[in-house]
Amino acid sequence: MRAWILAAAVFIFDQLTKYIVRTQMVPHQSIPVINNVLHLTYVQNTGAAFSILQGKVFFFSTASLIVIAALFFYISRIPPEQRLLRMALSLILGGALGNLVDRLRFGYVVDFIDFRIWPVFNLADSAIVIGEVVLVYILIFDPLFKKSLD
């Protein structure tokens, strides 16, 4: 149950922040939060992470649907004691859903977090990356996960 709540929270918070950006900013507008360090910059990203493969909306939407279906299937089958794994996959699920909704509704993903030295991204991207880092940690160090593979 907590896994679904976390995924839903990521999705809702992501969509809320993107709604605020879409309704309060114009594309390419940049607002400094900490000058030359952190800006809010509205970007309409038709590609994947870091704006690669621009314009491949059908490809990314289809790939996202497959990943989301696999995550729903897998999360529902993770043993209760593997909470960290459920958390990691829930973060990825919530982020993937958030970006998929943007692609399907608008044909692009709203990005707005701009550290000036890195491509502009959003909260869904952050959740996906955090989930992936936790997943790598689990794969390398978590004895519960290693035990379940035996």
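Here the Cβ of each residue, glycine as well, is placed from N, Cα and C on the backbone.
Proximity of distant same-chain residues to the transmembrane segment (57-75), defined by a Cβ-Cβ separation under 8 Å and at least 6 residues beyond the stretch ends, is recorded for 3-4, 7, 46-48, 86, 89-90, 92-93, 96-97, 99-100, 103-104, 107-108. The transmembrane segment annotation in TrEMBL covers 57-75 (among others).
The transmembrane segment annotation in TrEMBL covers 84-101 (among others). Counting residues 6+ beyond its ends, the transmembrane segment (84-101) has Cβ neighbours under 8 Å at 2-4, 6-11, 14-15, 18, 61, 64-65, 67-68, 71-72, 74-75, 78, 109, 122-128, 130-132, 134-135, 138, 142, 144-145 in the same chain.
In the shown protein chains, 25 other C-beta atoms lie within 10 A of the C-beta of Asp111 (active site). Annotation note: Asp111 (active site) sits in a strand segment as assigned by DSSP. Per TrEMBL, active site is recorded for Asp111 (among others).
Residues annotated as transmembrane segment in TrEMBL: 121-141 (among others). For the transmembrane segment (121-141), the residues of the chain that approach it from at least six positions outside its boundaries are 10-11, 13-14, 17-18, 49-50, 84-85, 87-92, 94-99, 109-113, judged by C-beta separation under 8 angstroms.
Just so you know, the Cβ of Asp125 (active site) picks up 22 other Cβ atoms within 10 Å once every protein chain is counted. Taken from TrEMBL, the feature active site applies to Asp125 (among others).
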Pairwise CA distance, Asp125 (active site) versus Asp111 (active site), rounded so that it is a whole Å: 9
